[in-house]
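Accompanying notes for the structure given below.
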Amino acid sequence: MIRYVFQKPCSNRWAVQKLREHFATAIKTVVTDALAGSKMSKNESKFSPFLRQCFITAGVALNIVGHGAVIGYAAILIPALRRPDSHIQVTTAEESWIASIIGFALVVGNIIITPTMDAVGRKRSQLLTILPNMTGWFMLLLVNNVAGLIVARFLQGIAMGMLGPLGSIIIGEMTDPRNRGAFLTSVSLSLTIGVLATHALGTLFSWQQNALICSFITFVSCLLIIYAPESPSWLISKGRYDEGAEVFFWLRGRDSKQQMELEDMIAAQKSARKTVVVEQKQSLFRRIGRSFSYLWETTRKPEFFKPVIIMFMLYIMLQFAGINVISSYVMDIVHQLVGPDANAKLIMVALDIERLVCNVLAVFLMKTVKRRTLLFSSASICVLSYMGKAAYVYCKVNGTLPFDNQWVPLLLIGTYMFSLTIGISSIPFAISGEIFPLEYRGLGGGISILALSLNFFVAVKSFPVLTHSVGLPWTYCLYAGIVVLCLIVIYLMMPETKDRTLQDIENSFRGWSAEDYRSSQPLNGKPHSDTRRRSSHIIS
């Protein structure tokens, strides 16, 4: 039809010929673009970038729900084992090991995941966390002795140690800075849902049936992870720029702001890979020597040790604020504070519901309130609640209370739980996904999570020992003092990260401007003293 129209006689044949050429070129371009991008266009038309980011976060979050169930499971398992009709009898020391062994196992998981997430990618690493967790749940169904229970909990602790740094990194790398804080808050929210789920199930089912139901949560998360893409940051760090760009735009959409962020990321990683290519040409002995030299020099760089120190303080504060202590010993704490006649199971579920509501509120606060403001305000309330509970129990034991009612300790516990979940438990996981440069994200995240692991073990293991030796009031005073010391260091070192891109946060620790890494020239016109400064891995 087009050819017939333009083959008609015309007074200006030259103009018609040009018009035909331009028209044919335009049609060819449209058809070519449509064929080349038909698959992506169909996918992009179905779901918005926000919904795709929600899908990625849902897979991670549901996996974390399963780990939250592991944390809260001790509060169901230990009271059940104390019953005279239990087929497994435990001592007080064995009870503390069942509750705290997870913290010790976290260290093993941290060691495993640090090289794994950089070597095989974020997606495959997350799939690896499913196996030990599922194995642990099934072992809880089959074992009939204390050793078997401890081994099952140890395996689940390994899975938690692997997912600890990995979950925040995945969400941080694959979400938009405008929504990243809210998405990262889903880590603490998911832990809360997991604790609530296992506590609520414990009031209805036996601890074996509880384990079976919780294993199904982990299985569903596995299905979501299988259909999720790989992290674009990891793909770009491996030199797979086209594939990384495709996933990046699929997740974030296409506009000038996203284009600029992608260009900054690729430019930074291209300069990093230049040093990797040079090193691959060296002998094995030389490469090993430079690897140790790299690790030594890395620990002296402010862009590495400052985030590590900040995360150490945040994780220590998180554990001694009592987030996992109250999850593991909530029924014992309620009996000591409220009284032996209190309905501990009902109060336990009520506190979990409060924790869930506060975590949902924290998601919205992360979008509107600065990280530092939310952290220090909630931590201050936590310290005051600690001191209030300590004073109440001390006065109650010594008979100096001017007024006593069950609502007083319940109000103190409720205020304490509010402070834990509104900021203390959400900020560390949000910051961990934002604060580390891509170059050190796996190494720094793995090292800093050791503080979470070790202090999980110390706090949960020491709590029953301290309460029996010095009493609950002095135990609370000790924990409050540790929280205050951590807050002082955090106040002096932690920057504000709200609404900042990961590359911008990375540059601030390095002391770089955007032009420094976009330029192919050495920084400030001076040669680099460390040729491995921008290498993402020791040996790529």
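Using the three backbone atoms N, Cα and C, a Cβ is placed for every residue, glycine included.
TrEMBL annotations: computationally assigned, not manually curated.
Look at TrEMBL and you will find 50-76 (among others) tagged as transmembrane segment. Long-range contacts of the transmembrane segment (50-76) within the same chain, counting only residues at least 6 positions beyond its ends with a Cβ under 8 Å from a Cβ of the stretch, are 98-99, 102, 126, 129-130, 133, 136, 153, 156-157, 159-160, 163, 167, 170-171, 174-176, 179, 183, 186-187, 189-199, 201-202, 207, 210-211, 214-215, 217-218, 220-222, 224-225, 228-229, 250-252, 324, 327-331, 348, 352.
Residues or ranges marked as domain 'Major facilitator superfamily (MFS) profile' in TrEMBL: 54-498.
Remote same-chain residues near the transmembrane segment (96-113) are listed as 70-71, 74, 77-78, 81, 90, 125, 129, 146, 149-150, 153-166, 324, 328-329, 442, 446-447, 449-450, 452-461, 464-465 (criterion: CB distance under 8 Å, separation of at least six residues from the stretch ends). Look at TrEMBL and you will find 96-113 (among others) tagged as transmembrane segment.
Beyond its flanks by at least six residues, the transmembrane segment (183-201) meets 53, 57, 60-62, 64-73, 75-76, 167-168, 171-172, 175, 209-210, 213-214, 217, 327, 330, 348-349, 352-353, 355-356, 359-360, 362-363, 366, 421, 425-426, 429-430, 433-434 of its own chain at Cβ-Cβ distances under 8 Å. Annotation source TrEMBL lists transmembrane segment at 183-201 (among others).
Taking Cβ pairs closer than 8 Å, the transmembrane segment (207-228) reaches residues 55-56, 58-60, 62-63, 65-66, 69-70, 73, 76-77, 80, 123, 126-127, 130, 133-134, 137-138, 140-141, 194, 197-198, 201 in its own chain, all 6 or more past its ends. The transmembrane segment annotation in TrEMBL covers 207-228 (among others).
Residues or ranges marked as transmembrane segment in TrEMBL: 308-326 (among others).
Note on the transmembrane segment (373-394): residues 317, 321, 336-337, 362, 365-366, 401, 408-409, 412-413, 415-416, 418-420, 422-424, 426-427, 471-474, 476-477, 479-480, 483-484, 487, 490-491, 494 of its chain, located 6 or more positions outside it, place their CB under 8 angstroms from a CB of the stretch. The transmembrane segment annotation in TrEMBL covers 373-394 (among others).
Summarising the annotation, TrEMBL assigns transmembrane segment to 406-431 (among others).
Annotated transmembrane segment per TrEMBL: 443-460 (among others), in sequence order.
Feature annotation from TrEMBL assigns transmembrane segment to 472-493 (among others). Tertiary neighbourhood of the transmembrane segment (472-493): same-chain residues 306, 309-310, 313-314, 316-317, 320-322, 336-337, 372, 375-376, 379, 382-383, 386-387, 389-391, 393-394, 397, 459, 463, 466, selected by CB-CB distance under 8 Å and a gap of 6+ residues from either end.
Residues or ranges marked as region 'Disordered' in TrEMBL: 516-540.
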Cβ under 8 Å to the transmembrane segment (406-431), counting only same-chain residues 6 or more beyond its ends: which ones?
167-168, 180-181, 184-185, 187-189, 191-192, 310-311, 314-315, 317-318, 321-323, 326, 333-334, 337-339, 342, 347, 351, 354-355, 358-359, 361-362, 365-366, 371, 374-375, 377-379, 381-382, 385-386, 388-389, 392, 452, 494, 497
